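Engineer: What Swiss-Prot records for this protein is below:
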- E209: active site, proton donor (ACT_SITE)
- Q63, H163, Y353, E423, W464, F480: beta-D-glucoside binding site (BINDING)
- C228-C237: disulfide bond (DISULFID)
- N236: N-linked glycosylation site (CARBOHYD)
- N241: N-linked glycosylation site (CARBOHYD)
- N424: N-linked glycosylation site (CARBOHYD)
- N429: N-linked glycosylation site (CARBOHYD)
- 1-41: signal peptide (SIGNAL)
Amino acid sequence: MCGCASGEDAMETRRPLHPLLLFFSPWLLLLLLLVVQGVRSLQFTRDDFPDGFTFGAGTAAFQYEGAAAEDGRTPSIWDTYAHSWRNPGGETGDVACDGYHKYKEDVMLMNETGLEAYRFTISWSRLIPSGRGAVNPKGLQFYNSMINELVKAGIQIHAVLYHIDLPQSLQDEYGGWVSPKVVDDFAAYADVCFREFGDRVAHWTTSIEPNVMAQSGYDDGYLPPNRCSYPFGRSNCTLGNSTVEPYLFIHHTLLAHASAVRLYREKHQAAQKGVVGMNIYSMWFYPLTESTEDIAATERVKDFMYGWILHPLVFGDYPETMKKAAGSRLPLFSDYESELVTNAFDFIGLNHYTSNYVSDNSNAVKAPLQDVTDDISSLFWASKNSTPTREFLPGTSLDPRGLELALEYLQEKYGNLLFYIQENGSGSNATLDDVGRIDCLTQYIAATLRSIRNGANVKGYCVWSFMDQYEMFGDYKAHFGIVAVDFGSEELTRQPRRSARWYSDFLKNNAVIKVDDGSVSTAFHAQL
């Protein structure tokens, strides 16, 4: 999660040049103008983004909807986790923002803010309580009604099919994502969503951050479904195998995703004219030193962070780095599966917050028993002076240059992919006068524009999140919303923060944003 240094609003009008410049020769004046505009600052408005680019904000079903046991919804693996002793904060998503009952007023608030797009997730266990089979009419009614409200408001809809909320019934029946049985069940669930909502939803994302959930849910067991094995798990897992299950989870996620994409293309795309993509978590990584070992470790980390998902989707197989590291523990694609996953996407969604430094830890591969962390054989540093860890650090440092470098890397490595920035924001400021969040969003929106001007094919940007909601890390104490929610009030009162008014001014009034080009990235590297 990114934290941002405080400062004044980045909105301001264009200032006139100093009169003394008029005394310089035309050539020198031109040079000075280039320095001012190209190096020291960047000024832009909403209109500087390409046609078809959309700005929005997001929420997620478990974190927003509440009504956990209402109108036929059954528990998901996230419900089970939230109600267990493994949940360090003890809070649950039983009520959350009560979006299940308050979505109409929330859509009105989105419209007032000027959102052009809204990214939300669908609860599988609300729509199909048993995980397969009969559709819950109440769940269907809820999503149809919310989608209709968004359509009436003229807000582009970006729907996500899965976000850490597998129906618990499927987890109990066959182990969920570690079983190949989940592939057909997910495709059938996706088909219901495409059929019922696809006449109004044109942007579909199958899964959020599987590259992170593999390690957190199936290696160290920290997140749902809390599977791990000794000696790797952080928690006292009773089920799991940290050496192989992260790889099985990703393998079946890719096959489920690709099956849903093929189904959409064969049954729905011609009539609905929508697109389907997958989301990945996308930190950027710098080598800790210029040593050959640290540089190689950084490239290895990128293969695990990005290539684990993108290499199969683009080339039909896992990166050679992963094959060498994991050996027989990494599943093989059959010829049919390789053909199925290759090019099985129309876009890639990126969740981007911060950057890490990386150093080599090749001694990890000498362990008699290895997990994914050992296979990566690297250490992660939030700063050059921090204590390193074996797993990447979400961090609190702002590094918009990292987003630019990530997009540049992905374009060079995997071709001219179409991207949506589906999450970016800050959870560090609970006040209504959240100037720090404005600074954060300003810098990352500017980085997005710079990337586009440098050739990246980015079509949208979503703030995380539209309103405060239940968070996996921090429960209700993390405040990512540009709209504040008073979780202590019975009405769960919403109140736009200063960042919401700033975002609205940018989107509705084409307000000018001025950014000191690179200044925040410079500060990031200075503190490291």
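Yeah, the Cβs are placed from backbone N, Cα and C, and that goes for glycine too.
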Engineer: Whole-number Å only: compute the distance from the Cα of E209 (active site, proton donor) to the Cα of H163 (beta-D-glucoside binding site).
Structural biologist: 8
Engineer: Spatially, and counting Cα to Cα, which of the recorded positions is closest to E423 (beta-D-glucoside binding site)? Options: C228, N236, C237, N241, N429.
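Structural biologist: Going through C228, N236, C237, N241, N429 one by one, the Cα closest to that of E423 (beta-D-glucoside binding site) is N429.
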Engineer: For E209 (active site, proton donor), which of the three DSSP-derived states applies: helix, strand, or coil?
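Structural biologist: Its secondary structure by DSSP: coil.
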Engineer: Could you work out which of the disulfide-bonded residues (C228, C237) has its C-beta surrounded by the smallest number of other C-beta atoms within 10 A?
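Structural biologist: Among the disulfide-bonded residues C228, C237, the sparsest Cβ neighbourhood within 10 Å belongs to C237.
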Engineer: Compared by Cα position, which of the recorded positions C228, C237, N241, N429 is the closest one to Q63 (beta-D-glucoside binding site)?
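Structural biologist: The answer is N429.
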Engineer: By the count of other Cβ atoms within 10 Å, pick out the sparsest of the glycosylation sites N241, N424.
Structural biologist: N241
Engineer: Under DSSP, is F480 (beta-D-glucoside binding site) part of a helix or a strand, or is it coil?
Structural biologist: coil
Engineer: Of Q63, N236, N429, which of the recorded positions has the most Cβ neighbours inside 10 Å?
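Structural biologist: By the 10 Å Cβ neighbour count, Q63 comes out on top.
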